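A quick write-up on the structure given underneath.
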Amino acid sequence: MASDSNPASEDGFQAPVCCSARYNLAFLSFFGFFVLYSLRVNLSVALVDMVDSNTTAKDNRTSYECAEHSAPIKVLRNQTGKKYQWDAETQGWILGSFFYGYIITQIPGGYVASRSGGKLLLGFGVLGTAVFTLFTPLAADFGFGALVALRALEGLGEGVTFPAMHAMWSSWAPPLERSKLLSISYAGAQLGTVVSLPLSGVICYYMNWTYVFYFFGLVGIIWFILWICLVSDTPETHKTITPYEKEYILSSLKNQLSSQKSVPWIPMLKSLPLWAIVVAHFSYNWTFYTLLTLLPTYMKEVLRFNIQENGFLSAVPYLGCWLCMILSGQAADNLRARWNFSTLWVRRVFSLIGMIGPAIFLVAAGFIGCDYSLAVAFLTISTTLGGFCSSGFSINHLDIAPSYAGILLGITNTFATIPGMIGPIIARSLTPENTIGEWQTVFCIAAAINVFGAIFFTLFAKGEVQNWAISDHRGHRN
């Protein structure tokens, strides 16, 4: 297969990986997304402790199809945190409010980052989210409305982060290292989920729920200070980058970036390869968000694990996904650089594995009844295989229009946030009795959407820079 022509590799040199500025950026952004997802998911654990158990008893939706999995573990538990009278619907609004802010800042975030760089935008996005998180206990005291507003503000701050990071990578990632660098960078999100789910549970148990927000909020502020001190928007402005590495990055991106000042909105929105990414991103996130928000519920109310086991078991699938993202990034770039597979072939195959694989195991998880160990195993395999998408459609924006990667991600992530807002609501409405049969329907719908997204992307995706994305309309092609 034809390989992507790549100036740096043609010149026969590649800057060392060890201690390089581009890998330092990858690891710092890894910790940034680690913090972001910790800030995003900690509320779903803390909320269990924030709500008065008498209120939740009225809404008890536990299904008795499956036997109680284990005897409750008696632990001396701290009960000093304040309790609130919030029913299931109110809790749904509190958890969902984040996305109403998150969806608004996607495209503006991408536009601003493409104009003025992503460093400050990403930094202040994380800082804002961290500071608002510190005020969560205060907002909860003010009432339901204040907490919903605060979570929406956190969403506004977090909405700019992915487009800003994509915009930074358009200046930093040599084409044949894109999969590696971006998969390291965004894998932080998965590890943040893995660590914060159980850790939030432990903090709730031994201290009280308020400390969940204080701890993660402070971690976010510490990260912000490191980010501002150590990172630059472009290789040209980096203080400690070696001339050798700077030349390697800049020469590899020659012919890829546009010098036109205005954004080509009309040709961009008419571009079928962009809509291929939109459909894939929407489909993948339907499954991702449905599981992220409802997996603890499924384990507690259907499979009937107790809360302590639940925190750790809910995190296991994301550990698999994190490992898969790191390894698939290495594999994707090796296939392109060493084996001469085209970018399009790699993006298609990795997206197919990362969307059809999870669909199969998600359906299987619904059809094995009360077999706890198999259910956890299948859900883990399903989420793990999803990690392949990080080297598939997830970074295809940089292949088709590096200059506008931040804006493209803003567009696709706007559509891909909709499943976070409606997916869990639809899933809850389909499971009034919480029976295994009802959950089979939820899993089958998610799987069908995933398969459709995978097929659409395979048919219409492209692997080279599009004509509209280059100022002189000369495509840098395979």
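One-based numbering along the chain as shown.
Note: Cβ is positioned from N, Cα and C throughout, glycine not excepted.
Per TrEMBL, the features are:
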type	residues	note
DOMAIN	24-465	domain 'Major facilitator superfamily (MFS) profile'
TRANSMEM	21-39	transmembrane segment
TRANSMEM	93-113	transmembrane segment
TRANSMEM	120-140	transmembrane segment
TRANSMEM	181-199	transmembrane segment
TRANSMEM	211-231	transmembrane segment
TRANSMEM	272-292	transmembrane segment
TRANSMEM	312-329	transmembrane segment
TRANSMEM	349-368	transmembrane segment
TRANSMEM	374-395	transmembrane segment
TRANSMEM	407-427	transmembrane segment
TRANSMEM	439-461	transmembrane segment
Open item on the list: At a Cβ cut-off of 8 Å, and with pairs 6 or more apart in sequence only, do we get at least 3 pairs between the transmembrane segment (312-329) and the transmembrane segment (374-395), yes or no?
Closed with: yes
Open item on the list: On the 0 to 100 pLDDT scale, where does the domain 'Major facilitator superfamily (MFS) profile' (24-465) sit on average?
Closed with: 89
Task: Sequence-remote partners of the transmembrane segment (349-368) [C-beta within less than 8 Å, at least six residues beyond its ends] - done: 280, 283-284, 287, 328, 332, 374-375, 378-379, 381-383, 385-393, 436, 439-440, 442-444, 446-448, 450-451, 453-454, 457-458, 461
Open item on the list: Check for me, if you would, whether the transmembrane segment (407-427) reaches the transmembrane segment (21-39) - at least 3 Cβ pairs under 8 Å, residues 6 or more apart in sequence.
Closed with: no
Task: Long-range environment of the transmembrane segment (181-199) - Cβ separation under 8 angstroms, sequence gap at least 6 - done: 22-23, 25-27, 29-38, 40-42, 44-45, 162, 165, 169, 172-173, 216, 292, 296, 311-312, 314-316, 318-319, 321-322, 325-326, 328-330, 332, 387, 390-391, 394-395, 398
- [ ] With Cβ distances under 8 Å as the criterion, find the stretch in 120-140, 272-292, 439-461 that has the most pairs with the transmembrane segment (374-395).
- [x] 272-292
